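J.: Pasting a structure below so you can have a look.
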Amino acid sequence: MSGNSIGQLFRLTTAGESHGPALVGILDGVPPGIELSEDDFIFDMDRRKPGVNRFTTQRSEDDRVKILSGVFEGKTTGTSIALLVENTDQRSKDYSDIADKYRPGHADFTYDKKYGIRDYRGGGRSSARETAIRVAAGVIAKKVLKEKYGTEITGFVSQIGDIKANYDLNHLDKDFINSNDFYTCDKEVVEKFDELLRKIKKEHDSIGAKVTIVADNVPVGLGEPVFDRIDADIAHAMMGINAVKGVEIGAGFKSVEQRGSEHRDLITKQGFLSNNAGGILGGITTSQQILVNIALKPTSSIQIPGRTINKNYEEVEIVTKGRHDPCVGIRAVPIAEAMLALVLVDHLMRDHAQNRLLAKYHSH
């Protein structure tokens, strides 16, 4: 299986499965001299880990990150950083009844047909459990962004089902976002989200969500036309998150309803008058706020009987047991933040490498 790495100069490679002993990440390209300890990972890992509230899977994982290499005396050395997150609460027996059945909406069918073998225990490599190591790598990326460039990334749940949050992207209350069960920014929808998910759980069903991610203080000039556009890389990174079925940059699909006179971001001496482009023009950052929205489907792991086939192509009924999220969008917030951070650091490094070479060439 290929496709386990992302990034060119700032490059993450991950390994591990949902019910294996551990998840591993190798992060190349981390600058030397960045202060880093295992405690730095706790905040974001706790935001993603299971069992933190009644609306996430009750799988109980400590999700503490171990640094295996690349850090000496509390600072990065510039060499590859190896990260480890152990799995301790797998409960593989929950999946014994569906070992030969293909779960609708999951990768069971495609993995089995492509590789001739699959790990039915929680989806194996296709499980969202793998994203824990991405969040860990994202912690380092966010440290690089904030310490070197002052860039900050904020994510929040902006919609669950048909309930939408109201917000001002220039006045987000991070403390509130990180203190409520839904990682949303709007106090008015917390109770509505609560009521909806209680109903969904009672019905043994699930629901989709939208997550919004913004990056502030992004340098101008990141991204390369034509195929290395930064918006293309952001979309690629976000679509690599389990359950993501759509990505918007800036106005996104609302652009369909807009006229050119409305959509274009007019420019004055003081700057842009709007941000329908989401901080990116021609695949290159404008220095405005980068705005990304992702749509996450409802998980197919529900306790409502459904039709499927087994490995012998016989029609059978399936009920997915075990511990699952009624809304996967809640825990997707730190994952999406991590993916945006990884893309931004990679593009910053690529931009610096090219510009330094050009500056040296033109100086002679």
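From the backbone N, Cα and C atoms, a Cβ is placed for every residue, glycine too.
Because TrEMBL annotations are produced automatically, they should be read as predictions rather than curated entries.
Got these off TrEMBL a minute ago, pasting:
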| type | residues | note |
| --- | --- | --- |
| BINDING | R48, R54 | NADP(+) binding site |
| BINDING | R125, S126, S127, N242, A243, G282, K297, P298, T299, S300, S301, R323 | FMN binding site |
J.: Using all protein chains shown, find which of the binding-site residues S127, T299, S301 scores highest when you count other CB atoms within 10 A of its CB.
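T.: Of the binding-site residues S127, T299, S301, the most buried by Cβ count within 10 Å is T299.
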J.: Only counting partners 6 or more residues apart, tell me which same-chain residues put their Cβ under 8 Å from the Cβ of A243 (FMN binding site).
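T.: For A243 (FMN binding site), the qualifying residues are A128, L296, K297, T299, V328, A332.
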J.: Using a Cβ cut-off under 8 Å and a sequence separation of 6 or more, which residues in the same chain sit near R48 (NADP(+) binding site)?
T.: D63, T131, A132, V135, R331, V333, P334, I335
J.: Name the residues of the same chain, 6+ apart in sequence, whose Cβ is under 8 Å from the Cβ of R125 (FMN binding site)?
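T.: M1, G16, E17, S18, Y111, D119 - these are the non-local Cβ neighbours of R125 (FMN binding site), listed in sequence order.
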J.: Rounded to the nearest Å, what's the C-alpha distance separating R54 (NADP(+) binding site) and S301 (FMN binding site)? Just drop the number here, would you?
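T.: Checking the Cα atoms of R54 (NADP(+) binding site) and S301 (FMN binding site) gives a distance of 17 Å.
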J.: Within 10 Å of each Cβ, count the other Cβ atoms and name the one among the binding-site residues R54, K297 with the highest count.
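T.: The residue with the most neighbouring Cβ atoms within 10 Å is K297.
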